[in-house]
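Database features (TrEMBL):
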DISULFID  C36-C100  disulfide bond
DISULFID  C80-C90  disulfide bond
DISULFID  C146-C210  disulfide bond
DISULFID  C159-C220  disulfide bond
DISULFID  C190-C200  disulfide bond
DISULFID  C253-C317  disulfide bond
DISULFID  C266-C327  disulfide bond
DISULFID  C297-C307  disulfide bond
DOMAIN    11-111  domain 'SRCR'
DOMAIN    121-221  domain 'SRCR'
DOMAIN    228-328  domain 'SRCR'
Amino acid sequence: CTFSYVQLEKIRLVSGSGRCDGRVEISINDQWGTVCDDLWDINDGDVVCRQMGCGRAVSAPQSSRFGPGSGSIYLDDVVCSGSERSLTKCSHRGLGVNNCDHSKDAGVFRCTSPNPLYISISLVNGSGRCDGRVEISINDQWGTVCDDLWDINDGDVVCRQMGCGRAVSAPQSSRFGPGSGTIYLDDVGCSGSERSLTKCSHRGLGVNNCAHSKDAGVVCSGKVPFLIRLVSGSGLCDGRVEISINDQWGTVCDDLWDINDGDVVCRQMGCGRAVSASQSSRFGPGSGSIYLDDVVCSGIERSLTKCSHRGLGVNNCAHSKDAGVVCSGKVPFFVINTPYNVLEDQHTFFFCFFYRCPPETYAHLDVVKHYSLSWGFSSV
């Protein structure tokens, strides 16, 4: 039907969390009805929010996001520039003219209110303020972030916002438990340099195809204590590599594990340089989490977690592949009274098996060849 006499238009937002978000409804002659979502966009939402005294629109959801309404569908094919004083001043098909149904009722999500949008961030259900489920608050209403496309760059932005350094890992699948309330962000794509998470690319505030079983989390470097040890070797400076995160010990996978990785471990341990970087659980299989996989160090990093890896706890490994290392600081060596050729051909094998000896080692061995059999420990 059409309306030949129109009383002063009224507008409201229904079935949202407050007066500034919900399904758009307008009243014509004291009869409330809805708006079809055909061509509905953020400019249309801006006009609604301004009419409501609620600032600007954050997003303009379609498909009855706030549930289907009832009664007349007053507007269809609404096209606003964003500057109109009321929704009925925008282009549309005519009051009451539509080819729509209530499954397509338009809405407005989280108008910013008369004041600027207030957004804060928190990490929940971790061991402290620097790890946990990512939650953001919009105008004092807390919600979560979906893990679709969630990665370490997104985590970096969160950690910087929190004053917690860099992201160590960006866990998915509700690693820190499912949250509740609104899922504010989905398909987040940060470069890592953004000043806040909402400045990153995303589908729009409150627009998602997600569930709380996919709430995103982050572990930041600023508050997570990392300890390292070598286990099941002959002493402090050789054995299976294990690291502790928040007092939980775990192992390192041997994929891509090499002498440079071992050097970093040995330096952390105060055990000199790596003599060998063993694979395939040379020191026996460990237990618990496998914290690191595909570790690639240049050898100059100050700790193993500073090396490139797949992400904390992310692996396709088993404890049968736990990595190990033999450091120079505690490795026994011997020199033996034997002719030079034998020393070079045989003893050098034993000595340099542990020490990665350079060619000049042979000259050193020639000097010490006159000594009788003796044992000691390297301090190299």
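First residue shown is number 1, and so on along the chain.
Heads up, the Cβ atoms here are built off N, Cα and C, so glycines get one too.
Automatic, uncurated: that is what TrEMBL annotation is.
Worth saying up front: this structure is predicted, and the values here are computed from it rather than measured.
On the structure: features taken from TrEMBL.
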residue: C80; record: disulfide bond; Cβ within 10 Å: 22
residue: C190; record: disulfide bond; Cβ within 10 Å: 22
residue: C210; record: disulfide bond; Cβ within 10 Å: 19
residue: C220; record: disulfide bond; Cβ within 10 Å: 27
residue: C253; record: disulfide bond; Cβ within 10 Å: 24
residue: C266; record: disulfide bond; Cβ within 10 Å: 25
residue: C297; record: disulfide bond; Cβ within 10 Å: 22
residue: C307; record: disulfide bond; Cβ within 10 Å: 19
residue: C317; record: disulfide bond; Cβ within 10 Å: 19
residue: C327; record: disulfide bond; Cβ within 10 Å: 30
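Of all the Cβ atoms in the protein chains shown, 19 others lie within 10 Å of the Cβ of C100 (disulfide bond). DSSP labels the residues of the domain 'SRCR' (121-221) in these numbers: 17 helix, 36 strand, 48 coil. Distance between Cα atoms for C307 (disulfide bond) and C80 (disulfide bond): 52 Å, as a whole number. Averaged over the domain 'SRCR' (228-328), the predicted model has a pLDDT of 90. Secondary structure of the domain 'SRCR' (228-328) per DSSP (helix as H, G, I; strand as E, B; remaining residues coil): 18 helix, 35 strand, 48 coil.
Residue pair C297 (disulfide bond) / C266 (disulfide bond) shows a Cα separation of 13 Å. Here the domain 'SRCR' (11-111) is broken down by DSSP into helix, strand and coil counts: 16 helix, 32 strand, 53 coil. Per Cα geometry, C200 is the residue among the disulfide-bonded residues C146, C190, C200, C210, C253 nearest to C80 (disulfide bond).
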